[in-house]
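These notes are about the structure you will find just below.
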Amino acid sequence: MRQTQYDNKRSSENTSNASLYLFATYQYDTPKNKESGPTASTMQCFPQFVVPCFLLTKSRSRFKMKISPQVSLTLRQIMLMNFGFFGIQYSFGLQQTAINPIFSFLHADPGQLPILNMAGPITGLLIQPLIGAMSDRTWIPGLGRRRPYFLIGAIGCSLCLFIYPHVTALWVAVLLLWLLDISNNTAMEPFRAFIADTVPERQQSIGFLMQSVFTGLGITLANVSLYIFQQIGWLQQTSEAGIPYWVFGSFYIGAVCSIGSVLVTVLSTPEHEPSPEEMAAIKAQPSGPVHAIKDIGTAIKEMPTPLWQLASVYLFQWYALFIYWQYISHSIVKSVWGSTSADSAAYEQAVAWTGLVNGFYNVVTFVSAFGLMWMARKYAAKYVHAFAVILASLALLTIPHITNKYLMFAPMIGFGIGWASMMGVPFMIVVHSIPKERYGVYMGIVNMMIVIPMLIETVTFGWIYDTFLGTNPSNAMTFAGVFLAIAAVLTLTIKTSNKPYGVESAS
């Protein structure tokens with residue numbers, strides 16, 4: 001691993017400081033003996049240099065990290081390569097908490113919510129595997145394989161978030177949700193393959209679970225910002241369309257975070273340049289979406305057994321989660337305020353409190369991700385995931401019975417642990433079954449497994465809600481809790497020889 005040499009040397013003992021600031025931090029190595037060349041055995045760690053993110057654009061070549069798949073990465077390097085996940089997940093946090101209330105403010109009926117949310121599963125089904133397959137065949141000098149898609153998606157996401165609170169009609173809100181989901185999926189899909197490409201196998205559990213950390217941070221900020229803005233008196237008024245002005249600020253912050261965090265990753269973390277043989281293989285492959293679709297079909301036919309088994313887990317897991325995101329504010333307004341979404345004053349309070357509750361479970365996600373890293377070193381990943389999903393199941397079964405809004409935080413501890421696992425551990429279960437040269441397409445297929453259950457939910461749950469659940473959002477939460485319990489049991493049936501790795505410290 002060759003890295004920039006600095007004359008002004010300091011002790012390597014100062015390199016242990018944490019860097020969770022909104023700054024880019026870099027650690028430089030230099031060989032002890034210039035003549036011997038920069039080999040791993042002659043590297044000496046030198047101090048961190050903290051550089052505000054805007055400086056990255058001024059001296060990109062000087063500060064960019066050098067990484068190698070054969071050399072253990074520092075915690076800082078793993079954090080920087082995942083930092084773009086923060087902005088993407090902020091956007092998803094707004095989708096989980098704010099989009100459905102906006103539909104309600106625009107006079108959508110609760111029974112319409114599943115069908116109005118079809119954008120998520122359909123765009124995920126079409127966009128994620130397509131982007132995965134195309135990124136496997138992409139190499140742009142200076143940008144690489146996965147990073148071009150990060151940038152394209154983040155730009156689209158930022159534009160949609162800035163425009164979204166200004167919508168005046170339900171159909172416009174639905175259309176913008178489609179565009180927002182296309183952008184989010186374009187940016188997010190290559191991140192899984194990016195980690196598999198870049199991080200040594202023994203550190204991949206840390207790499208994937210670091211995405212859980214930034215998922216927690218991003219969604220927490222999205223949800224808490226909704227609550228904070230709702231407390232500002234002069235933002236209580238509504239636009240002509242009936243959308244409260246306190247919603248606007250959260251979307252504006254999301255627009256900045258989406259592009260800003262992705263730029264940190266793109267400018268700080270290079271991709272491994274293909275060897276001449278690998279480059280020849282990439283150029284020899286037919287390009288374009290048509291060939292990418294054919295590649296997806298071939299990959300599905302050849303898909304390893306553990307991925308098929310994971311699909312059965314995801315069927316119940318993500319069906320349940322989509323119910324939660326659509327109906328949690330309706331459940332809280334019923335159980336805590338004793339009202340419905342038709343009561344606009346009570347529902348606004350419930351939406352703001354839902355944002356705070358969702359923010360809290362994502363704080364739990366952030367903290368528990370570190371515990372899951374430790375558990376992944378000691379136990380097989382499928383046992384870790386089954387345990388976490390059971391905790392999430394118990395949380396959803398408990399929520400409808402809580403009438404005190406402050407007690408609503410208690411079940412969110414279990415739900416936050418489950419969410420942390422869902423964001424990282426399943427990828428650890430199956431990554432070792434996937435051929436390295438096909439990480440992109442198979443990570444896209446794994447994401448298809450996420451969105452197909454959501455698509456099924458959008459076309460089936462409205463009928464289930466009206467016919468069997470008495471249009472009661474509390475019953476919807478119970479239904480989702482049962483489905484999560486089934487997912488936990490099915491996780492234990494995944495046949496994989498993957499054992500916990502002796503993960504080296506990345507600090």
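Cβ from N, Cα, C; glycine included.
Keep in mind the model is a prediction, meaning the values are calculated, not measured.
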Check each of the ranges 166-187, 408-429 against TrEMBL and return the one annotated as transmembrane segment.
408-429
TrEMBL annotation of transmembrane segment - which of the ranges 40-63, 112-135 it falls on:
112-135
For TrEMBL, the entry transmembrane segment belongs, out of 305-322, 359-376, to 359-376
Is it the case that the transmembrane segment (359-376) and the transmembrane segment (147-164) have 3 or more CB pairs under 8 Å, with pairs at least 6 apart in sequence?
no
Counting only pairs 6 or more apart in sequence, are there at least 3 Cβ pairs under 8 Å between the transmembrane segment (73-92) and the transmembrane segment (383-402)?
no
On the 0 to 100 pLDDT scale, where does the domain 'Major facilitator superfamily (MFS) profile' (77-499) sit on average?
88
Near the transmembrane segment (441-464), which residues from the same chain, at least 6 beyond its ends, have a CB less than 8 A from one of its CBs?
111-115, 117-118, 120-125, 128-133, 136, 185, 189-190, 192-193, 196, 292, 295-296, 299-300, 303, 307, 310-311, 314-319, 322-323, 426-427, 430, 434-435, 476, 479
Taking 3+ C-beta pairs under 8 angstroms (sequence gap of 6 or more) as contact, is the transmembrane segment (249-269) in contact with the transmembrane segment (383-402)?
no
